[in-house]
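Student: Annotations for this protein, taken from Swiss-Prot, read as follows:
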type	residues	note
BINDING	Arg48, Arg54	NADP(+) binding site
BINDING	Arg125, Ser126, Ser127, Asn246, Ala247, Gly286, Lys301, Pro302, Thr303, Ser304, Ser305, Arg327	FMN binding site
Amino acid sequence: MAGNSIGQLFKVTTFGESHGIALGCIVDGVPPNMALSEADIQPDLDRRKPGTSRYTTPRREDDEVQILSGVFEGKTTGTSIGLIIKNADQRSKDYGDIADKFRPGHADYTYQQKYGIRDYRGGGRSSARETAMRVAAGAIAKKYLREQFGIEVRGYLSQIGNVKINPETVADISKIDWQQVASNPFFCPDPVAVEGFGELIRELKKDGDSIGAKLTVVAENVPVGLGEPVFDRLDADLAHALMSINAVKAVEIGDGFDVVEQRGSEHRDEMTPQGFVSNHAGGILGGISSGQPIIAHIALKPTSSIMVPGRSVNLNNEQVELITKGRHDPCVGIRAVPIAEAMTAIILLDHLLRFKAQCR
């Protein structure tokens, strides 16, 4: 399995499985002399960790991160930073039933066909539990971006199923109520939508089913010039990073698929001596950041781990009926907000370091 790393100058490599002893990552390229401790990383992990609300999986993990290397006397040394999180609340017995069966909609079938072996306990390496280390690495990137460049990377949930936020609450990026986002379990800026989300999730849990979601990531104060045309365009790398998150099925930059119905006279972001008039492009032009806020949206599918019986096959290609046991999120999009922030921050810092290495 060769796809465990992302980034060039700021590079993150993760390892570990859902029901293994621990999860870990190596972060290369962190500049020296940045103050760093576990306390800088833990808050983002706490936002992602399971068992924090009645709307997510009941699996409980403290997700306490430990820095193993790359920090001396409270400051980064410029060498590889090793991070580890111990797994604690595994219940592997929940998965004994599917040792020889493929959960429909999961990676079970493709992992088995590709490698001839798979860790069936909670999905092993294919589990979203792996993303804890992305969030840990992303917290380091977010701290450096904020302290050295004033760049803020934040996200919010905009839709679960057919319940959407009022678009007026996010029409002006500079006026998004980030305190409201931080104060509810859905990372949502619209208190009315929060009520609707809660009602929908309670209904789904009663039915033993799941639902998809859409979320948005906003990066503010990004300077002009990030991105390496033609193949390493900033939007291409962002799409790559965001699509690598479990359950993500679509990525939009700026207006995304809405551009299909727009005319050129509407979509083009006109300019005046005072700056851009609009931001349909989502802060990226020609694969290079324009200095406007970078806006990306992702859509996540409903998890296939549900209590509703479904048809599948076993290792012998025989028909079976499957009900997924274990503890699962009714909507994986809820805990994906800090993950999407992390992946965005990792890409932005990587491109900032590349920009500094070759440009004025």
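Glycine residues also receive a Cβ, built from the backbone N, Cα and C atoms like all the rest.
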Student: Please report the DSSP secondary structure of Ser305 (FMN binding site), reduced to three states.
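Tutor: The three-state answer is coil.
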Student: Where's the emptiest Cβ shell within 10 Å among the binding-site residues Arg48, Arg54, Arg125, Lys301?
Tutor: Arg54
Student: Please report how many Å separate the Cα atom of Arg48 (NADP(+) binding site) from that of Arg125 (FMN binding site), as a whole number.
Tutor: 18
Student: Quick one: what's DSSP say for Arg48 (NADP(+) binding site), helix, strand or coil?
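Tutor: Going by the DSSP assignment, Arg48 (NADP(+) binding site) falls within a helical segment, counted as helix.
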Student: Using C-alpha atoms, which one of the binding-site residues Arg125, Ser127, Ala247, Lys301, Ser305 comes nearest to Arg54 (NADP(+) binding site)?
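Tutor: Spatially nearest to Arg54 (NADP(+) binding site) by Cα position is Ser305.
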Student: Which secondary structure state does DSSP assign to Arg125 (FMN binding site), in the simple three-class scheme?
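Tutor: In the DSSP reduction, Arg125 (FMN binding site) maps to helix.
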